[in-house]
Amino acid sequence: MLVPWATLDGGALSAHAAEPVTFSTEQAHDRETAGGIIVLWIDPAPEYHAYAHEPGVDTRPTVVSVHDRSGTPLDLPVLYMPGEPLDDPFTPGRIVNAYGPKTPVFVKVPALLAGGDVIVRTSLLLCSDRNCQPVRHDIAVTLPGEGAFAALPDAASRPWRGKLAQAVPGRPVAGAVAPGMTGTPNAGAAGDGAAIGMGVAPTPRDVAPGTGGSLPFPPSTGVDTTATAGNVARGEEEQAQKAVSGIVSVSPGGTSSGVAVSRSVSGAAQESPSWSFAPRYFAPELEVSGLGKALLLGLLAGLILNVMPCVLPVISLKLSGFIATSGAPGDEGVRRRAFREHNLFFAAGILVWFVVLAGILAVAGLAWGQLFQRPGVLFGLTLVVFTLGLSMFGVFSLPVLDLKAGTTGSPRVQAFMTGVVATLLATPCSGPLLGGVLGWAFRQPSSVLALVFAFVGLGMASPYLLMAARPGLVRFFPRPGAWTGVMEQVVGFFLMATSVYLLTILPAALLLPMLVTLLVAAFAAWLWGTWAGPGASSVQRIAVRCVAVALVGMTVAWALSPPADEARWEPFEATAFRGMLGRQPVIVDFTADWCPNCKLLERTTLNAANMARWQKAYGARLVRVDLTRDDPVAQALLHSLGSSSIPVVALFPKGLLRNAPLVLRDLFTADQMDEALERAFGPAGQPLQP
């Protein structure tokens with residue numbers, strides 16, 4: 001895959017600036033091991049600092065590793081300075097450990113490596129009060145020949161001996177092998193991917209000045225191309241990255257003689273996989289292979305659902321129905337008739353909901369319980385259960401779901417609706433036998449799915465059908481009395497507890513709107529019960545109830561309405577980005593988790609409100625390039641814009657001007673961004689014409 005960022009002309013093509021840090025090495029004799037010590041000096045520019053190996057905060061640490069010429073990391077002791085405490089310029093009050101000018105890192109080299117060549121590889125994060133940039137740097141070091149370590153200056157006599165005593169061992173490098181043993185480079189094995197040509201050749205900064213040499217890919221890779229030293233991208237995090245850059249061919253004096261090449265490590269893993277398995281089940285006798293078995297197991301599964309733990313929150317609704325039945329006026333015959341009707345219509349509500357649910361899931365392509373992943377459904381259920389609880393406390397009386405004893409409404413409608421609501425709350429639950437039944441049913445036509453769901457509902461409704469067939473069971477329920485009011489309030493607390501449970505599974509963004517809606521619903525219920533009771537005139541009752549419903553309706557509409565303006569960022573993907581260039585304005589933001597400047601910019605200038613406003617005004621696409629992990633393609637895009645540090649925002653106009661993006665670096669204000677957008681894209685609503 002070619003990445004032709006070099007086609008971006010204009011100012012964006014200037015070579016990226018030299019890194020504001022220098023590296024050098026020296027060697028000394030280590031009498032303790034009879035080997036040597038490589039001292040790597042890290043010298044940031046005065047306005048910059050590098051985060052220490054143990055920075056004390058969540059950021060990118062300095063890591064030094066030693067590799068043989070094949071690129072295999074060697075398991076050598078690396079000792080780091082603790083770092084100097086520094087006030088974090090981006091988070092007031094936070095102290096970080098940082099490396100300032102001329103900071104040494106010590107590598108102890110055993111005598112068995114004498115006469116060989118090693119690569120000292122450094123990975124660090126440089127920051128100033130304006131920007132941050134990650135740096136990777138390689139220095140080729142030739143070790144003294146066999147027995148020649150003793151000829152080096154003694155480490156105990158060097159000026160840095162005091163710093164060596166303060167240095168502490170660092171964390172081991174992943175994949176490192178002991179010196180003298182063979183190992184596989186972290187980049188992976190042959191055949192992991194194909195070579196990728198990179199159109200931008202960065203400055204050859206990773207090989208010691210004045211030295212030439214070629215560091216080829218390991219022979220196993222099968223890659224026959226060289227690359228500039230500036231594009232080396234292997235290191236301690238290599239195994240988690242998408243691609244690995246090729247090593248270098250550099251002639252003396254630092255001139256490059258190649259183009260950068262990358263080898264994909266796991267390109268196939270970046271695509272959406274399609275799975276093809278032949279699963280084996282632990283209990284194959286419970287798996288379904290035909291309609292008859294599905295109906296039988298579905299019936300049993302529905303029955304078991306009545307005692308599953310996740311159905312416990314709706315027990316209060318079922319109890320309330322029996323309370324209402326026990327309060328039916330008249331003799332024993334009337335009570336039996338009311339008991340039978342309640343259970344029949346309650347069971348009908350269960351069956352109807354299961355059939356309706358089958359239709360909803362078939363049409364929407366959802367799985368069992370997935371309906372409760374819809375925030376709107378959870379929101380509505382929480383509101384219904386909360387208002388039911390208010391009703392049980394006597395705040396007001398619902399016209400359809402009045403569950404209190406002695407109600408004058410239609411007991412059949414109330415029993416039916418109670419069955420629907422109770423089953424709706426219980427359907428996220430699954431239980432024994434249900435998994436195999438549903439797994440088979442969802443692969444069948446809609447009519448078969450509905451029939452299976454009806455049998456699951458029939459199983460869940462069977463206890464109520466049994467009680468309807470045996471109305472004499474009503475004698476086991478006590479007659480109404482003083483206890484009825486207390487029981488209603490207990491049921492109300494159960495319903496409030498169910499509301500709290502539903503609040504815990506709401507998305508965090510809906511929690512505050514939900515609480516506001518419940519508060520308004522409580523006020524509306526109070527209005528309903530206080531000013532629209534039996535003593536009020538019909539006009540007053542209608543007016544108050546309309547006001548109450550309108551209050552709740554408007555609050556729900558506000559709570560569930562999407563944000564008016566919401567910036568829609570797209571992750572950077574090379575092919576998609578190339579396709580959008582020139583078709584419409586594009587705003588590209590380079591960021592990383594380790595870049596505090598970027599996070600500050602995102603909280604201020606590039607906040608959601610501003611980005612939504614600019615996106616709407618200019619019809620722009622928003623692309624975010626995340627450099628948290630090494631990504632050679634994204635780094636190449638950054639370098640093609642003449643940058644090696646971030647924050648960077650690039651504005652790509654529509655049309656032929658797409659090759660001349662306007663670039664903003666470091667920290668800038670919203671006013672400066674407004675000016676840049678108008679200069680790059682033209683006045684808002686009037687884009688520049690090519």
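A Cβ is built for glycine as well, from the same backbone N, Cα and C atoms used for every other residue.
The domain 'Thioredoxin' feature in TrEMBL is assigned to 550-682.
The transmembrane segment annotation in TrEMBL covers 294-315 (among others).
Per TrEMBL, transmembrane segment is recorded for 344-371 (among others). Within the chain, the transmembrane segment (344-371) has long-range Cβ neighbours (under 8 A, six or more residues past its boundaries) at 318, 321, 377, 412-413, 415-424, 427-430, 434, 438, 442, 446, 449-450, 452-454, 456-458, 460-461, 464-465, 468.
Marked as transmembrane segment by TrEMBL: 377-401 (among others).
What TrEMBL records for 413-442 (among others) is transmembrane segment.
Beyond its flanks by at least six residues, the transmembrane segment (448-469) meets 291, 294-295, 298-306, 339-340, 343-344, 346-348, 350-351, 353-355, 357-359, 361-362, 419, 423, 426, 434, 437-438, 441-442 of its own chain at Cβ-Cβ distances under 8 Å. TrEMBL lists 448-469 (among others) with the feature transmembrane segment.
For 481-503 (among others), the entry in TrEMBL reads transmembrane segment.
Counting only same-chain residues 6+ beyond the ends of the transmembrane segment (509-530), those with a CB under 8 A from a CB of the stretch are 375, 378-379, 382-383, 386-387, 390-391, 394-397, 499, 503, 544-545, 547-549, 551-552, 555-556, 558-560. If you look up TrEMBL, you'll see 509-530 (among others) marked as transmembrane segment.
Remote same-chain residues near the transmembrane segment (542-560) are listed as 375-376, 379, 383, 510, 513-514, 516-517, 520-521, 523-525, 527-528, 531-532, 536 (criterion: CB distance under 8 Å, separation of at least six residues from the stretch ends). Residues or ranges marked as transmembrane segment in TrEMBL: 542-560 (among others).
Confidence annotation: the domain 'Thioredoxin' (550-682) carries a mean pLDDT of 87 in the model.
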